[in-house]
Amino acid sequence: MGSMYRASKTLKSSRQALSILFNSLNSNRQNPTCIGLYQAYGFSSDSRQSSKEPTIDLTKFPSEKIRNFSIIAHIDHGKSTLADRLMELTGTIKKGHGQPQYLDKLQVERERGITVKAQTATMFYENKVEDQEASGYLLNLIDTPGHVDFSYEVSRSLSACQGALLVVDAAQGVQAQTVANFYLAFEANLTIVPVINKIDQPTADPERVKAQLKSMFDLDTEDVLLVSAKTGLGLEHVLPAVIERIPPPPGISESPLRMLLFDSFFNEYKGVICYVSVVDGMLSKGDKVSFAASGQSYEVLDVGIMHPELTSTGMLLTGQVGYIVTGMRTTKEARIGDTIYRTKTTVEPLPGFKPVRHMVFSGVYPADGSDFEALGHAMEKLTCNDASVSVAKETSTALGMGFRCGFLGLLHMDVFHQRLEQEYGTQVISTIPTVPYTFEYSDGSKLQVQNPAALPSNPKYRVTASWEPTVIATIILPSEYVGAVINLCSDRRGQQLEYTFIDAQRVFLKYQLPLREIVVDFYDELKSITSGYASFDYEDAEYQASDLVKLDILLNGQAVDALATIVHKQKAYRVGKELVEKLKNYIERQMFEVMIQAAIGSKIIARDTISAMRKNVLAKCYGGDITRKKKLLEKQKEGKKRMKRVGSVDIPHEAFQQILKVS
């Protein structure tokens, strides 16, 4: 009884202690020291639902009090830092929040220092004008990626905006992605507000950059804002300029509901969360909505804004940007660019977007064949957050079951693999990246090939013509490196289209290049020969006729389908020799000899051999007849022949990784 009494007394005192702790936490939720404790016990200090604060009243912001704008720039010109400062200025996040680049939420974004996924934040701002009462505005900011591979992400984000801040580094000036993003915004009829950032740098030259903006884009230099997002210098002029220059969203509040779906992501608990821009009408929680592309109907379970986290508001009005939750379980039902409307109403669908065009294809296989199901689940979840990846199942005789994936570029592919590893713990093997080719055969049929292994080697189907995709590449660089860059482009089978001077120090080059020549190491090579000063961007162009051949890699006479690639005939020998050398360096020695060959059809163009490990079978023969030793050596030789005939060669994961780097 004594022990039971003590246990009961201890339990009672523990309950009292927990009750006091939680009461204290609830009464001090705004206290910074208590917020950490509150979160440690599994409560969210940012939960708008459980907070006693009144919900945000969006009816105070008619469309004329709304501005939707995006920040666009070349990579590393300070987009995300500027977004941080603007959110601090409006009180959306606290100053010194301890998380630089707040909108870069992915681990891969923080590690690489780049923006991969466009993010949205709603800000509330009191605009004070002289001799007038302060007026409240709702500002929707969209931070976009800067790398060429994610230009599709930028174009989607711009569709929800009426204006854009074009940010340019005061030291580096106009770069290739600055040009590309400017024309994306220009084609979308957005109002462009030029911003020169990093004016606090010792090498900053704002006047030179102003002249570049004038010569390249015909922008008025009087309209350029000079700021430093790092120190806050000049930031007080940015939001007033947004309000004055960028028009409010067009739209009719009395019209039937029409919303543009411009992005989506998957949440483990809520399902698919859709980012929408309300073009006409209004949406309330509980409404029934339909998706024009699929025809599916759903009930709106939650609706709100990003402030900067998901904040439920119960409604969205004309011109506003926010999110909706419908209980959807897969993003395949939420097609980007789709029109969402109220069920049982008839509306004119919105224009939407161009379909995504995949530039690079690669096979993705589990490092351990037994992990195929786990890899499938991981890829299904990840593609819910990255709808620009195409996935189809495929089988390889060397690697087993896997997936053929289409990506927007090599960085996109690299980021996808890194996210698979970091977010889902899966180890994968990637095959050589290829681009989609078109082949015509002797019987007149045409075939588009994304996987080299799918190209028939049957002599009956002789290839009579072939075409490869090309791109229009834009390169901006210092004039002293022009010769080296022209040589690089010529080596990559490029055709020069334009050569102009931006100013006395910088040159603008435009080339038509085969896509295959730039997907692997062109950007790295360009940065290397220009000491990192060149910038590069490209856009799709037409297919052009080319002399293409299928290059097979054979191990002991057996073709390995996962190592096959398609190359230009002029480069076949060099690529084959390089592949053979890399495989020799990374395949471990076996008990039998391994012959590595590169072949075009039946013609061997490169060969090397990995010698066998040799066991000393004569170790125990201390003298005796020489015929005994010869007999043992012959027996060993026959065994190695038999082993070579039936043995399999293990190709390590590192070998596949190195082969990816062969241009």
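Heads up, the Cβ atoms here are built off N, Cα and C, so glycines get one too.
The shown structure was predicted, so the numbers you read here are calculated from the model rather than taken from an experiment.
Copied over from Swiss-Prot, here are the features:
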{"type": "BINDING", "residues": "73-80, 143-147, 197-200", "note": "GTP binding site"}
{"type": "DOMAIN", "residues": "64-250", "note": "domain 'tr-type G'"}
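The binding-site residues in question are ALA73, ILE199, and the one with the fewest Cβ neighbours inside 10 Å is ILE199. Annotation note: ALA73 (GTP binding site) sits in a strand segment as assigned by DSSP. Working note on the binding-site residues ASP76, LYS79: by count of other C-beta atoms within 10 Å of each C-beta, LYS79 ranks first. The Cβ of THR144 (GTP binding site) has 27 other Cβ atoms within 10 Å, all protein chains considered.
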